[in-house]
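One structure is given here, and the rest of the page talks about it.
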């Protein structure tokens, strides 16, 4: 990590660590400066065409640029950024599940069907599909700060709109508020891997991505736990309206506070790139690059296509289980709305633990393919056990089996983001994670509708077996993904390694000469 200031090179002729030579204002970059033997960079038109590059092999940015790409240094602000993001992601995720976790209570209050309440969750999945590509383009065009402010503002607006739906005949107003929150989600779900790459060093990216996803999972956990406590199952609709208003006011206040924090804390990017891979990514980024061309390039990557399918199957199963959990538990344990929420909480808390452990493990081992495959198989095993123990009549058994399943099922989610970033480097993490989420939303809608119909007609066990079949398919496809870890390769191709190899080759070539001279 480089701690020197921008002017140290002028005071000292010794090159900075990481072979990060500072750019002299009088020297510009040649249009075809080589980054490494297999990569070349075309700088902006401000570079003078006749000025040659430094011998270090790095592309040197113009002195007028916002950051010096030759300095590798992590920012102290990075943890504040990821924690604020995690918090407003948590707030948005809470609003996704707050209706589904007390499905039967909202059915009674608004006088609508279970399917109508299910759509308050599924609208999150539905709005994501058409809006992903425009939002991903906005992320590339305007950057992290603009997208973060937009997502947080929409989340806040949706929370306050719901306060206008505290009468049984105002169900359409709560639908409008939920749709606004679902649009905010589009500005949130694709951010974790992008924030991790832009702000964190090579040995922190997986942990940072897990922390960012952690907030979303924590929001779902709170969404399972808090609504059954704040909104008890009472017959009087006026009392219900009062309890629902307390929940809506709390979430509106929290969303407003988080919007203020995003405005204060969030910055576009650090002054210096935090890793070698990110520095190269900045250098390779072209303002004229085709956005649709990047998407087409990703779909030519067979390993990424397989990951899109397998991630969608796993995350879609989780969305369906979360949406329908209240109905499944009440089916076997009538009157246990609070425990249904606690079971959902157990699933998500266990998954958060699994996500953090997986992130730390990946940062140390870099075994993306192996870890992903093992977690996927264990998700399937956990789902099978949960399926055949749900109807035993013992809630404590359900808590244990659901928690075990959640540890692997929701723990898989950040693994998918990071594996995608490795397989698709140097393509934008916003695009790759966005495509993963589109797959998750599509399968989530299909699984929620299909499993809901199966449960209504045949019971919970056939509905869960339906998900087990698709998780089996996902585990099988994961085995065919090749671990082409491009980002890790970029981080290893450092100038120090190159210079060391050249010195070793030079020393080796001199040995025969020295021997010949001694012999003579």
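The backbone N, Cα and C atoms fix where each Cβ goes, and this holds for glycine too.
A TrEMBL annotation is a machine prediction, not a hand-curated record.
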Matching range for TrEMBL feature annotation, transmembrane segment, among 205-226, 271-292, 491-512: 205-226
From 44-68, 169-193, the residue range that TrEMBL assigns the feature transmembrane segment: 169-193
Remote residues contacting the transmembrane segment (395-415) - C-beta distance under 8 A, at least 6 residues beyond either end: 192, 206, 209-210, 212-214, 217, 311, 314-315, 317-318, 321, 329, 333, 336, 339, 342-343, 346-355, 357-359, 362, 368, 371-372, 375-376, 378-379, 382-383, 385-386, 389
Mean per-residue pLDDT computed across the domain 'Major facilitator superfamily (MFS) profile' (81-486): 85
Contacting positions for the transmembrane segment (435-455) when only residues 6+ beyond its ends and CB under 8 Å are counted: 114-115, 118, 121-122, 124-126, 128-129, 132, 189-190, 295, 298, 307-309, 311-313, 315-317, 319-320, 323-324, 327-328, 331, 416-417, 420, 462-464, 466-467, 470
